[in-house]
Structure formats: structure tokens, C-alpha cells
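The disulfide bond annotation in Swiss-Prot covers 31-55, 34-84, 52-106, 56-108, 83-111 and rests on experimental evidence. Per Swiss-Prot, the feature N-linked glycosylation site maps to 76, 102; the stated evidence is experimental evidence. The signal peptide annotation in Swiss-Prot covers 1-24, and the record cites experimental evidence as its basis.
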């Protein structure tokens, strides 16, 4: 009987440690809003290269029946979202002739990457 109590105690201690670590970890889904942040790879001292980073909104909802009937490939869920993109930028040359966009303003807009 003591044999089972020992393993039960070890199990409970392990479970409580796991739950403590789980609740003390930061929330992974927390994402900062869309802002300019320095790109450490391309930036040089005195000449920072900025890029837009952060989160905007996204949502999913059931596809309305009226819309579903017009689809070639019907899907049950429709989603829409916006991405953090540059509102304005300057083209600059860095590190041996590479041209990059140095963002000057950001906003949430259409996700062009996901468009087909």
C-alpha cells in the first residue's frame, strides 16, 4: 500500500509543478500592436532600418448559405484579416548593394501575401 502512495505523491507533486509552470508562463497569444521596429540584421550604427511588425485583427465565421452556393469549392468557414503593412517607406541601399525598404509608417491593411 505504501508503494502506491509513494507514486501517487510523486504524480501529484509533478502535476502541481507542471500546472505552476503553465500558469506562470507569459501568454503566447499576446501580440503587440502594429508598430515600427528596428531590423537588427540590416541596421547599422547611426542608420537604423525600420520595419512594420505586430498584429492586426482576424476573425472567422460560418459561411452564409447564400455565399456558399456561389462557391466553386464550398467551404464552411470564412475568414477575414488585416496585416501589419507599411503605409510609407524609402528605398535604401545597404551592405554591398542590397536594396531594402526602410518603413516610415505602418497601418493595418489588406493581407496581400495571402491573396491569390
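Each Cβ is built from the backbone N, Cα and C atoms, and glycine gets one as well.
From a predicted model like this one, the values you see are computed outputs, not experimental measurements.
Overlay of Swiss-Prot feature records on the structure.
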{"residue": "34", "record": "disulfide bond", "Cβ contacts under 8 Å, 6 or more apart": "52, 53, 54, 55, 56, 84, 106, 107, 108"}
{"residue": "76", "record": "N-linked glycosylation site", "Cβ contacts under 8 Å, 6 or more apart": "62, 63, 68"}
{"residue": "102", "record": "N-linked glycosylation site", "Cβ contacts under 8 Å, 6 or more apart": "49, 50, 89, 90, 91, 92"}
{"residue": "111", "record": "disulfide bond", "Cβ contacts under 8 Å, 6 or more apart": "81, 82, 83"}
Number of Cβ atoms other than its own within 10 Å, given for residue 106 (disulfide bond): 23
For residue 31 (disulfide bond), nearby residues of its own chain (Cβ under 8 Å, 6 or more apart in sequence): 54, 55
For residue 102 (N-linked glycosylation site): DSSP state (helix, strand, coil): strand
Surrounding CB atoms that lie within 10 Å of the CB of residue 56 (disulfide bond), all protein chains: 17
